[in-house]
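Enquirer: Per TrEMBL, the features are:
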type	residues	note
ACT_SITE	GLU114	active site, proton donor
ACT_SITE	ASP244	active site
ACT_SITE	GLU339	active site, proton donor
ACT_SITE	GLU358	active site
BINDING	THR444	Ca(2+) binding site
Amino acid sequence: QTLLSKQVASMTDQRRLELMGEAKDMFYHGFNKYMNHAFPKDELNPLKCSGRGRDKTNPNNIIINDVLGDYSLTLVDSLDSFVVFNDKAGFETAIRNVIEHVSFNVNSKVQVFEANIRVLDSRFDFKIDGYNNELLELAYDLGQRLLPAFQNSKTGIPYPRVNLRYGVPKSETQETCTAGAGTLILEFGVLSRLMNDTKFENVARRALFSIWNRRTDLDLVGNVINIQTGQWIHTAASTGAGIDSFYEYLLKAYVLFGESEYLHIFNEAYSAVLRYIRDETGYLYRNVNILNGGLMSAWVDSLSAYFPGLQVLAGDLDNAIKSHLLYYNIWRKYRALPERFNFHLRNVEIASYPLRPEFIESTYFLYRATKDPFYLRVGEMVLKDLQSYTRVECGYASVKDVLTKKLEDRMESFVLSETFKYLYLLFDTEHIFNKLDDNFVFTTEAHIFPLNAQYWKKTWKHIDNFTCNAYKNPKKLTTSILERPDADLARELVGFEEHFELTTSSCVMFVFEDLSLPHLDPYGYCEAPQMEPLIIDVSYDEPPESSMNQ
């Protein structure tokens, strides 16, 4: 088993560099097709080779209109990817296109959450001749246009949507999700500090704490809340859609700003997640009732695949490895990650996959923490599947059905800003961002947020090694993820039956299915251990006659 695992997990530097180059090519294939066929529209239709903006014929189409605001979204969302690729010329061209074409003075009702995470980004280090803080001014303008969402809210929790020109419509709903209200503090906080204008950070802090102050006695928060009454409308707690980045921004706000109250809240919230949301196997994080912890549904969603990465950031490596293995096996089963997977039926519940980044994001963080080449192989698997099933002439198309691999004519902006960025950084092990000794974070849209020392509120301790203690000396490691005795329990939970061929040559075993885990039973023990017969001699000598008479 050890020989098999080492053979499967190893990756040469040459292969890693090839994958790094391929990930970079994937970004430019998608971005260049967007610029050639869609810009200045918000998104690319990769099957039609055309652009997509707001659905003006159906204003209630929130799937499109919550995200698209007619402000060249894909271009704006992709800006710091050029920094990652060290492409100064491409960065300068993109910046000048933003300055020339992007305005937020538009009659568009957008979701505050989506506009904040995808667009409100004001920190770049590349120097451009003639640049005069136009991006920062655009970010400030957008921030001002989002502020009306916080007005007239009795709880301080913002309305979910705002018209960028006219403010909050009178007909706007008073119900919003926890993530929508609790995922503003990084962008609003940085904007306040760069502009020396506290109002953005103040409203974001109030919204975040207002959510937390309405937690139940179990320290759980629900999914949907009424912004005026503060009552929970949807009482399911989870690590997935509707709540996910609430947990993420609590911890990352502490990392970025150094204010301990964020860490204190995160620690309490995370303890409740482990106590009530995590199941007894340690692999599943469920939807449970915030009042009693009872199970409310039997599915996990693809957005929750970010959580192992957050667990790495929190220092809980063992739980991160376990939770990641669940999504890894779902991916292997379908060669993609369906929007919902029913763990009771062990089948797809919502079959689409819009090329989300969360699984590869967690894979990236786990590799940075462990340096286990298993995670490089996971990244290679994802890259190959994306290339095989989703690459088309005009970009990358979403998967409408992971069972049939039928495609959908949409390439969301996060494909370029997150999915390909994390893939590239996974393989570029020597990248400066993988060695940066700083309090920088990736936002939930994978925008890179460092904060200069002049804006810090604490002194940061510098460290020399970014690998978790147990993994600092790879030469001393005797086990990999593939060799964990409990590794296959996640496959049992998913109901994945793998098929692969083995051949032997000079007593060495090679695996053609790259990442096959050893066959174990549902409880994590070897199903067919090597056994030697144990011969027990039950014969005995008859006792002396004298003893029998006693």
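Every residue gets a Cβ built from N, Cα and C, even glycine.
Automatic, uncurated: that is what TrEMBL annotation is.
Predicted, not measured: the structure shown is a model, and the values here were computed from it.
Tell me what's around each of these sites.
Expert: Taking a C-beta cut-off of under 8 Å and a sequence gap of six or more, GLU339 (active site, proton donor) has these contacts in its own chain: ASP301, SER302, GLU349, ILE350, ALA351, SER352, TYR353, PRO354.
Within 10 Å of the C-beta of GLU358 (active site) we count 25 further C-beta atoms, all protein chains included.
Other Cβ atoms within 10 Å of the Cβ of THR444 (Ca(2+) binding site) number 24 in total over all chains.
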Enquirer: For ASP244 (active site), write down the residues of its own chain that are at least 6 apart in sequence and whose Cβ falls under 8 Å from its Cβ; none is a fine answer.
Expert: ALA179, LEU303, SER304, TYR306, PHE307, THR444
